[in-house]
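Shown next, in structure tokens, is the structure this report addresses.
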Amino acid sequence: MNTPITIIGAGLGGLMLARVLHVHGIASTIYEAEVSPDVRTQGGQLDIHDYNGQLALKAAGLFDEFTTIIHAGGEATRVLDKHGTVLLDEPDDGTGNRPEVQRGDLRRILLNSLPADTIRWGHRLASVSPLGSGRHLLTFSDGGTMTSDILVGADGAWSKVRSLLSTARPAYVGTSFIETYLFDAYVRHEASADAVGAGALFALAPEKGILAHREANGVLHTYVALNKPEDWLDRIDFSDATAARAQVAKEFEGWAPALTALITDGETDPIPRKIYGLPVDHTWGRVPGVTLLGDAAHLMSPFAGEGANLAMFDGAELGKAIATNAGDMEAALCAYEAELFRRSASAAAEAERNLKLCFDDNAPHSLLDLFSQSSTHQ
Ligand SMILES: Cc1cc2nc3c(=O)[nH]c(=O)nc-3n(C[C@H](O)[C@H](O)[C@H](O)COP(=O)(O)OP(=O)(O)OC[C@H]3O[C@@H](n4cnc5c(N)ncnc54)[C@H](O)[C@@H]3O)c2cc1C
């Protein structure tokens, strides 16, 4: 089986690439490990930036639809100290350039914009090897194989395609997250809802913080962040949700109850997440017939708020490069990669810097200083 453009991974980046190719009349096939679009809830709110994510949506012809899913008011930002003292409170006055949307809504728009047969669900790439002349042999975990002419690794943090281009592996950045959800917050968790405010909350102290978002329908979505060794989360028994919540909350003794309730009142099983990143300056030499986009190319901590935006922008830029250089695919991939490396190094450096300053000895004042220096927030 041959397809002109083979994409591994139906995340935001792979879907955007397929959509922009489709807009330009170029067929592609996405092979996705998950068996259907609905196997996993696509939790979390993303702020979509006017200089990358929104440009991608415009290139995809989906900007108008995007405007219908914006969570109005969600751009508000707050910084608190551990006592719950509000140090910064910026309302969303509707003039911001980073509107918030639910990741699941964004993904649905992209999925609905593609011809029905674009995505082959339940195809987990197990290995890939070069056949020469830019072609590759792909083997899937069910034993099936296929040959690619142009292969794009949009397969996220632990990309299998990346091994064709680079020996780099994601490394633990030193921070672990525990994700919690509170529902119906304005009725049942009023104090926490007041603390979070209308949009994003950063409650910070040295080495730790509580990062939360008010999402649509009264949902408070929290990432509890702790600078800990890589195996720290492994030592918590997350099969006992109550005990796990208590153990995490213990790290926040002395914090305002409205903030710690974001942990202890969690209404779903808390989800442990270790945060990994590729080297800030991750690049590779050109290898015919294959490239990467999104986290596969430039995994970074979420502290620049750029990962999903960049994944979509990469997908759109690659789609446009292929469309305008269809006669010379290597020239297209070369031009795409030169810009990819430039923008991803810059965003990864920002993520690294922000991660350090959020939890440094001066927290939360280092973040306040950063906000006061720039007119835009992550
Ligand atoms: C806690 C957290 C919070 C974040 N918050 C933000 C934020 O606020 N703003 C922002 O811009 N970014 C944020 N990010 C980053 C963002 O989620 C990622 O950068 C973005 O999802 C990358 O998109 P992608 O398409 O490259 O990869 P992914 O979204 O990871 O998609 C990869 C796809 O490939 C599939 N796949 C993987 N392996 C295989 C295989 N072997 N075979 C076939 N398919 C495969 C996966 O199932 C998946 O569907 C956050 C990340 C984390 C961890």
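Keep in mind that glycine also has a Cβ here, set from the backbone N, Cα and C atoms.
TrEMBL lists 3-339 with the feature domain 'FAD-binding'.
Residues annotated as NADPH binding site in TrEMBL: ARG40.
ARG103 (FAD binding site) has a Cβ environment of 16 other Cβ atoms inside 10 Å. What TrEMBL records for ASP47, ARG103, ASP295 is FAD binding site.
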Candidate with the highest Cβ count within 10 Å, taken from the binding-site residues ASP47, ASP295: ASP295
Taking residues ASP47, ARG103, ASP295, which bind FAD in the record, the widest Cα spacing (Å, whole number): 17
